[in-house]
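Before any comments, here is the structure.
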Amino acid sequence: MLEATGIRVTLGWREILRGIDLFARPGEVTAIVGPNGSGKTTLLRALTGEVDHDGQIRLNGQDVDRLRPWQLAAMRAVLPQATALAFPFTVLEVVRLGLAAGLGAARADLPGKALRRVGLPGFEGRLYQQLSGGEKQRVHLARVLVQIWEPVAHGAPRWMFLDEPVSSLDIGHQLQVMQVARDFARAGGGVIAVMHDLNLTAMFASSVALMEQGLITGFGSPDDVLTDAALSRAYDCRLRTNHAPVTGRWILPQGAEAGLS
Amino acid sequence: MSLLEQVRQPRRRGRAAVEAIAGDRTDRARLLTAALCAALVLVALASLGWGAADDTRALPALLSRFGLAEAELRDRVIVWGVRMPRMVLGVLVGAALAVTGAVMQGLFRNPLADPGLVGVSAGAGLGAVSGIVLAGALPALLTGWLGLWLVPAAAFAGGWTSTLLLYAIATRQGRTSVATMLLAGIALAALTGALTGIIVYRATDQQLRDLTFWGMGSLAGANWSRVMLAAPLILAALAAAPFLARALNALALGEAAAAHLGVPVQRMKTIAILTVAAAVGASVSVTGGIGFIGIVVPHLLRLMQGPDHRYLLPNAALLGALLLLLADGIARTVIAPAELPIGIVTATLGGPFFMWILLRNRAVMDL
């Protein structure tokens, strides 16, 4: 269980997060959506301890501020939005960084397995700096995966925090990465993901938190939160949800003739 | 599955088995460690024969200590009293400079960070010069207590202060700006240079003679007491380095990502900065500023074995010691019987090398 209560973040004079309560269950993908500047990424960075914040965050019942870095690293992994590497590491060396952090998981076969999971088989020997943006993003997902390879460890769920995990991926890899996240959740782990793509959110998330101007204005199942009225208000344009035959909910802007306000 | 696929299947698996160890440069690094160890021992022994005196007499003089050969007193003094401490000091300082270069580059996440380039050595130099010149102005109790340690301690304080300042100026939210770091380094070097100049004006003739070798860096003043002075701080720094290796690897991803990988980032940064200050302070206080070892050695090693600090740091110590002994050999023999300051040799070789790094990385360097 992730329980965040009363989260406030102030940068300079501006209050970015104005008192947020968020609860996420293991076994689910919890998506955080909202327009640019609504505070999605700041919320994720507060949850992972990257920005100073008021309020309390408990992970599996433990106050994260009281845990040592290595204790937290054994419990959760974080996928950043973009990472520039300072030195010419190979893909294998980058993925292994996760291996060293996940306590008790010193298994040499994991990097190869993780790379296959994210669609990068045989990339071990490539230089990270020579990869494309989408490949780099998936290398880091592999690193996250090896850090918390077993979704449940010693009876407690492990957690994956993803900051726009599909932002620079093509549609095939978007689906692949979201499936990796969902599989992790279905095996008992917890996933918190900041998402831009509402359709992927509708397809893969079990719970959705809709953010507007530093507050969560809607929380619940995709069907309850991703409604025409709420989305059109939050994103300040006219959106309509349809029902696609296979994937379920499908969100589209209303046609140009209807006028995008 | 078609027959063709069935035939190809085992082969594909075979290739996968080979690829499973692709990207792993551990073996290469270990091989390099062995080669560097051997080369260092050879060069260290050979260096006992280099110099103005006849080098065929060095070996008997070396062995005479253990009763294995006969040698004249003069040769024994040259080998054991002059060249041996010089060699040991060269090994210590070379290792210290190369390892601090690698640690600083890991800390700043930038292959251009080097104590000599960004003003840390200048800060340590200011400390050392203050220690020599202003010693008389300090309370006698303090100078008496510190004794011979006054100059290394002052150099350590100077190097520490400048590293801290530099890090505070150049790093915002875990990201170090290269441009800010280099410019802050220039400003820091200019400021410490000016302060050093002011202090030098207050120096007596004897103190001026003591100060001259800071200008260019030299191993010429090596003796056993200098070795004993520098060794504790340098060895402490070298001993701390392996504990930083894994953290420095994680730090390559940025401070936040390193923390998520379980690295206690603040504590590790403190240890890294203390390590740099100790090694640079000790080196500068006994040999003056010797440039470019700290930038050339880690760079060469990254080309050969990759940037994994668990192997980069020990191999940097070995290669740094090796290169400094070779540079000292050049310094001692080019204009024999006189000798060049070693700083001139390392700058002559390291300057062009540094330009080559810049040219090579021009496209990707985020300046």
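Even glycines carry a Cβ here, placed using N, Cα and C.
TrEMBL has this to say about the protein:
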type     : residues  : note
TRANSMEM : B:31-53   : transmembrane segment
TRANSMEM : B:87-108  : transmembrane segment
TRANSMEM : B:120-142 : transmembrane segment
TRANSMEM : B:148-170 : transmembrane segment
TRANSMEM : B:182-204 : transmembrane segment
TRANSMEM : B:224-245 : transmembrane segment
TRANSMEM : B:271-296 : transmembrane segment
TRANSMEM : B:316-335 : transmembrane segment
TRANSMEM : B:342-359 : transmembrane segment
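Sequence-distant residue pairs (6 or more apart) of the transmembrane segment (B:31-53) and the transmembrane segment (B:271-296) include fewer than 3 whose Cβ atoms are under 8 Å, leaving the two stretches without contact. Just going by CB pairs under 8 A, the stretch in B:87-108, B:148-170, B:224-245, B:271-296, B:316-335 that sits most against the transmembrane segment (B:182-204) is B:148-170. Against the transmembrane segment (B:224-245), the recorded stretches B:148-170, B:271-296, B:316-335 differ in Cβ pairs under 8 Å, and the greatest number is found for B:271-296. Against the transmembrane segment (B:148-170), stretch B:271-296 shows more Cβ pairs under 8 Å than any other of B:87-108, B:271-296, B:316-335.
Sequence-remote contacts of a segment are chain residues at least 6 beyond its ends whose Cβ falls under 8 Å from one of its Cβ atoms, and for the transmembrane segment (B:316-335) they are 33, 36-37, 39-40, 43-44, 46-47, 50-52, 86-87, 90-99, 101-102, 218-219, 238, 241, 290, 293-294, 296-298, 300-301, 341-342, 344-346, 349.
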